[in-house]
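**Student:** So TrEMBL lists these for the protein:
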type	residues	note
DNA_BIND	16-55	DNA-binding region
BINDING	Gly90, Ala91, Gly92, Asn93, Leu94, Gly95	NAD(+) binding site
DOMAIN	79-180	domain 'CoA-binding'
Amino acid sequence: MKFPKISEAVVRRLPMYLRFLNELAKSDVQTVSSQDLGRRLDLNPAQIRKDLAYFGEFGKKGIGYDVGYLVEKIRGILKLDQEIRVALVGAGNLGQALCNYNAYLKDNMRISAVFDANPNRIGDRINQLSVQPMEELVRTVREQHVRIGIITVPATEAQRVADQFVEAGVEGIMNFAPAIIKVPSQIRVHYADFTIELQSLAYYLNRGETEEEE
Ligand SMILES: NC(=O)c1ccc[n+]([C@@H]2O[C@H](COP(=O)([O-])OP(=O)(O)OC[C@H]3O[C@@H](n4cnc5c(N)ncnc54)[C@H](O)[C@@H]3O)[C@@H](O)[C@H]2O)c1
């Protein structure tokens, strides 16, 4: 099914809706209003209605949204209704933590292969995955139809790994290394950076005091 092109801000809110809606579904809650969603997610209900209206009229006035239906719709929009395989390169501290978290990932999204350049790590088992040598990356990614690559290597190595993922044919890269990587325009890169988040959070500390001084 084709959906209209939606803004990045909306795409980023959809997983938040989905997480809460999944909780409601687990507790057998069948309908939810945009007010309830707004209260729980600290978002404006009008914003929520606008976001969800992108995909057709799901809500019924006075009753709200059908939780099960909305879960299925959002899963479809985010393509979580299909299996999406993910491969990770860099089986160090962070890479191992992410692989161990793998068991908790939902919605058909799983790390299905892990690679490292260090010969001492090859064959190590991390949460049921065996660390493979880099020489096997292109073949494995193609065979397993991996669509997303995760990079958890040192910054100096990130571009090299990105190039290998591109060669193997992934469609998206999640880069945890503190380095900007260059890839062809059809490949989407998302960055996750703990340090940048913390440093930008620091700006907001003692804000009250600073404002009083002015
Ligand atoms: N984004 C975040 O929030 C966040 C948090 C912590 C660390 N990091 C970054 O994640 C990366 C990994 O950190 P770490 O603490 O796990 O490091 P680590 O040294 O424990 O692990 C890095 C792994 O990458 C492997 N490696 C190195 N070069 C490689 C290459 N060319 N191909 C394949 N494997 C290669 C190493 O053998 C090692 O196993 C670093 O870039 C670090 O700055 C990001």
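Quick reminder: no glycine exception, Cβ is built from N, Cα and C everywhere.
Each of the listed features needs to be described in terms of its position in the shown structure.
**Tutor:** Residues 3-4, 6, 10, 63-68, 70-71, 73-75, 77-78, 80, 106 of the same chain, all 6+ positions outside the DNA-binding region (16-55), place their C-beta atoms under 8 angstroms from a C-beta of that stretch.
In sequence order, Thr152, Phe176 are the residues of the chain that are 6 or more apart from Leu94 (NAD(+) binding site) and have a CB within less than 8 Å of its CB. Following the DSSP three-state reduction, the secondary structure of Leu94 (NAD(+) binding site) is helix.
According to DSSP, the domain 'CoA-binding' (79-180) comprises 40 helix, 31 strand, 31 coil.
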**Student:** Neighbours of the NAD(+) site Gly90, Ala91, Gly92, Asn93, Leu94, Gly95: Cβ within 8 Å of the Cβ centroid, same chain, sequence order.
**Tutor:** Leu88, Gln96, Ala97, Leu98, Asp116, Thr152, Val153
**Student:** Ranked by the number of other Cβ atoms within 10 Å of their own Cβ, which of the binding-site residues Gly90, Gly92 ranks first?
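**Tutor:** Result for the most crowded candidate: Gly90.
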**Student:** Using the structure shown, find which entry in Asn93, Gly95 (the binding-site residues) has the sparsest Cβ neighbourhood within 10 Å.
**Tutor:** Asn93
**Student:** Average the pLDDT scores across the domain 'CoA-binding' (79-180) and report the rounded value.
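**Tutor:** Mean model confidence (pLDDT) across the domain 'CoA-binding' (79-180) is 94.
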